[in-house]
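What TrEMBL lists as active site, nucleophile is A:CYS85. The feature active site is assigned by TrEMBL to A:HIS194, A:GLU196.
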Amino acid sequence: MRVGVVTFPGTLDDRDAQRAVRLAGHEAVALWHGEHDLQGVEAIVLPGGFSYGDYLRCGAIAALSPIMTEVVDAARRGMPVLGICNGFQMLAEARLLPGGLVRNASGLFVRKDQVLRVERADTAWTNRFDSGQEIVIPMKNGEGRFVATPEELARIEGEGLVAFRYVGENPNGSLDDIAGLTNEAGNVVGLMPHPEHAVELGFGPTTTRMKAGLDGLEIFKSALERVAA
Amino acid sequence: MALIVVDVMPKAEILDPQGKAVTRALARLGHEAVGEVRVGKRFELRVEGEATEALLAQVREVAGEVLANTVIEDVVGVHVVDDAAAPQQVSR
């Protein structure tokens, strides 16, 4: 099946995301921010990077780009959409996911192999995991701290919209250790860590063996199986 | 020509690491009187003609929808600046 990966000016991990899609056994379709054509894809990945130089706010200008009009429409119709890092920030700016992402509490850019707990194993992008399963995904960001008003946070927790939580020390001050969210329908998922960097032996996070982590691949396989089913 | 200024600040309940860093630097320089610094943004919108009430309403809408993300920020001011007094961009 065809999975679109959108490139914006300043996107960094589009090629990595395309590669992850291919390693998951499917066709990666490059989509361009300035166009309205989704080229008949059945799922969409918004990859990481620093779109528009993080001007205004991270993901803010990208969320207003021509392709995002179509992405938002498709997401509302139920198409699986995954936002990684800057892509998660875009989904929050586009209000497809609640809350916002601001500068890390430490003020520092954080890069580490991060243990996450899968809180929701029934979304389009997490259905190959078990609920409560711990996975290792690399993270690398300066503005990954999830925030929301107390009322919004209560709604997020009440409706079970937390898809992933940080395990161990909270790396960036995110409320409730939130690393990723899903929408109510479960087709839109956003997370700060980078699953596309945990898809190939020798190039992934260090788990029981050096650079052997492949947990990210399951995320790319998930959506695809659900759509195929 | 009129100049409309929009001021945006991070919400009070959201930690402002940038402001904290400036606060610490000022303390280091001996400015103990300064208790806390918070850092926001100022947007200057130069518009053709007069800043009518209709135009201001349009700017307030843009401020709330684009210039600020009201999930994490507040628009704390939208006001017209006397154009003669405003700093002009030097034309080249």
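First residue shown is number 1, and so on along the chain.
Glycine residues also receive a Cβ, built from the backbone N, Cα and C atoms like all the rest.
Worth saying up front: this structure is predicted, and the values here are computed from it rather than measured.
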Inset, instruction - Between A:GLU196 (active site) and the residue listed as 'active site, nucleophile', find the distance joining the two CA atoms and give it rounded to the nearest Å. - result: 11
Inset, instruction - Go through A:CYS85, A:HIS194, A:GLU196, the listed active-site residues, and name the one with the sparsest Cβ surroundings, counting other Cβ atoms within 10 Å. - result: A:HIS194
Legend entry - Cα-Cα distance linking A:CYS85 (active site, nucleophile) and A:HIS194 (active site), given in Å to the nearest integer: 7
